[in-house]
Amino acid sequence: MTLPIDLTLIHFFQSLPSVAVSGLSWLSLLGYGEAYVLILVLLIWRNHRQQAQPLLFLLLFSSALNHLLKLLIAAPRPYWLYPELLLNLPDTAFGMPSGHALSATVFWLGLALWVRHWFFWVLAIAIVLLTAISRITLGVHFPSQTLAGVLLGLLCLTALPRLTSLCQNASIHRFLALIGPIVLLLITAICYRLTNPPSFTAGSLSLYDQTFIDIIHSPWSLKGLVRDCFLLAGLIFGYLKLMSTKPNSLFIIRFPHILLGLGIGLMYWVTSGILTKSVFSEEWLYLLAQSLRSFLLGYGISYWIPLLLVDRHHQQLSARIVDG
């Protein structure tokens, strides 16, 4: 499932001077979707909802789609076949397509569509290319896998104008239609997993000479897909609840309150993650807990935290008016 030029390009980039290889290793951090989600949440809380919210929805949906494609294609990473190629920490997920390349493409080119300045377009394209090259250099993706990630990201971006219009002008019923693709992804993934029991997965893993902790941390795990789908669902339902509660509110949250919101969200995510891992060892119970955990985070980001921070901001404004 690799192209003849794949290994040639990996060896070429890994033969670059050590300074260049080290720099590319750090650039690989630009592809982590978690950082992009955080940035878009901050933009939403700073009253850039119309631009940042559809991009956040698209980023999470494309990430969930990427997890499903990894599962269906089940392509090995380079170092699974050639261990000497690994220059980074190992990854238990399948390799096709590259999630880092996909996330970088959707986020940076999505921002470029928003900013609409030639310099930002150059910067965005450069970051996408460097992210893809960094994944090749580290030996965690074949070039064809990073190319697939970029192309999938470009395909997903074609839906951004439509999604932006939907978020700005849609009724509640039309907005809820966004749940449909999420449900479809989940049903497809679950049905596929149910038709491939552990005996099948164990045989497949032996082809790549890999050892994994358990099924939750194996390439066949639905953890990432479930997380993205239910986080997205939580964001959607939380936004609808906020709009019905405070339809005319301005969501300009001040920086100290943003730090408070980030602290609340981070504390919840870390503690709930530790609790989930320690309590649930059976795969489907773990995934159920992961679903609830992710949905509550999304709902909190869209509704509970903004409601708390906006109310505090309004109370302070009212107090100033009374004092004046």
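Every residue, even glycine, has its Cβ placed from backbone N, Cα and C.
Features of the protein shown, as given by TrEMBL:
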type	residues	note
DOMAIN	52-161	domain 'Phosphatidic acid phosphatase type 2/haloperoxidase'
TRANSMEM	20-43	transmembrane segment
TRANSMEM	55-73	transmembrane segment
TRANSMEM	93-111	transmembrane segment
TRANSMEM	118-138	transmembrane segment
TRANSMEM	144-163	transmembrane segment
TRANSMEM	175-195	transmembrane segment
TRANSMEM	215-239	transmembrane segment
TRANSMEM	251-271	transmembrane segment
TRANSMEM	291-310	transmembrane segment
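Within the domain 'Phosphatidic acid phosphatase type 2/haloperoxidase' (52-161), the DSSP-based counts of helix, strand and coil residues read 83 helix, 0 strand, 27 coil.
Within its own chain, the transmembrane segment (55-73) has Cβ neighbours under 8 Å at 1, 33, 36-37, 40-41, 44, 93-97, 99, 102-103, 106-107, 110-111, 114, 149, 152-153, 156-157, 159-160, 163, 167, 178, 181-182, 185, 188-189, 192-193, 219-220, 222, 224-225, 228-229, 231-232, 235-236, counting only residues six or more beyond its boundaries. By the Cβ criterion (distance under 8 Å, sequence gap of 6 or more), the transmembrane segment (215-239) is counted as touching the transmembrane segment (175-195), at least 3 such pairs being found. Below 8 angstroms of C-beta separation, residues 41, 44-45, 226-239, 241-242, 245-246, 249, 251, 253, 257-258, 260-261, 264-265, 268-269, 272-273, 276 of the same chain, each at least six residues beyond the ends of the transmembrane segment (291-310), sit close to that stretch.
Taken together, the residues in the domain 'Phosphatidic acid phosphatase type 2/haloperoxidase' (52-161) have a mean pLDDT of 88 on the 0 to 100 scale.
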